[in-house]
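Structure provided below as structure tokens; questions to follow.
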Amino acid sequence: MSRRRVWSSWPPWAGLLGVVALWMAAAHQVPDSILPDPWVVTLELGGTLHSGDHWANTGVTLRNVVVSFLLSLLGGVALGLWAARSPTLQRALHPIIVLIEAAPHIAWLVLAVLWLGIGVGPPVLVGVSMALPLIYMATSHGIAQIDRGIMDMAHIYQLGWYKRLTHILLPHLALTLAGAASGALSVSWRAVIMAEAFASDAGLGQSLWGSYLYGEVTAVYAQVLWIVLLGLALEYLLIHPGRQLIERRLQHV
């Protein structure tokens with residue numbers, strides 16, 4: 001069996017086991033105040049899972065992520081479709097989208113706190129500022145790839161805007177948007193948690209930052225482990241299956 005075939009036969013979680021092995025080896029070389037043992041962190045996380053506050057913070061973060069993602073998805077698709085109908089509008093929107101995309105997370109966070117104060121608003125706004133440009137760009141690019149002849153035929157047969165949307169635009173955009181939505185959800189997840197740490201009174205980000213401020217090193221690693229596990233769950237239980245479902249349905253269209 002070739003070396004390439006051996007490597008390709010390894011399961012996806014083999015890499016995670018490698019990370020844990022490296023973590024265990026490194027933990028024996030440095031103080032616990034810098035890198036605690038993964039088993040100790042796992043036990044800490046197990047205890048945390050019995051806390052009602054932990055689940056409340058998890059619920060707050062998931063809500064913030066879902067709200068920011070849905071706003072980004074709806075806003076990005078709507079702006080992309082609107083811009084597709086007007087080249088002038090598209091030219092006007094492009095530098096604005098680039099400007100939004102170019103500003104770092106922390107800049108949007110500071111502005112969000114100035115505008116909205118501490119609470120739910122800043123995490124959601126920061127998430128939208130990071131994810132909406134991805135959806136808009138994907139929508140604009142996807143529409144540009146549609147065969148012009150198809151749109152001309154729709155015009156000849158006088159298809160209304162709703163039928164063009166449901167029979168031409170969305171089916172052609174489905175796969176492109178699925179990929180963009182995957183990236184947007186991932187970006188929203190990271191941006192929301194970062195914003196919660198500094199501009200929210202609840203959520204996993206705030207809990208993580210609080211553990212750090214109180215010098216609870218093991219709790220910090222437990223929080224990070226939980227955030228990573230939730231991120232993996234979103235990817236492999238929601239995003240990846242959703243993308244595969246869209247691909248299968250498009251194959252039968």
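Cβ from N, Cα, C; glycine included.
Below are the features I grabbed from TrEMBL:
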- 58-238: domain 'ABC transmembrane type-1' (DOMAIN)
- 65-84: transmembrane segment (TRANSMEM)
- 96-118: transmembrane segment (TRANSMEM)
- 124-144: transmembrane segment (TRANSMEM)
- 165-185: transmembrane segment (TRANSMEM)
- 219-239: transmembrane segment (TRANSMEM)
Six or more residues beyond either end and a Cβ under 8 Å away: which residues meet both conditions relative to the transmembrane segment (65-84)?
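For the transmembrane segment (65-84), the far contacts come to 90, 93, 123-128, 131-140, 142-144, 165, 169, 173, 177, 180-181, 184-185, 188-189, 191-192.
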Apart from its near flanks, which chain residues at least 6 from the ends of the transmembrane segment (219-239) lie with a Cβ under 8 angstroms of it?
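The answer is 35-36, 41-42, 44-45, 48, 54, 58, 62, 181-182, 185-186, 189, 193, 204, 207-208, 211-212.
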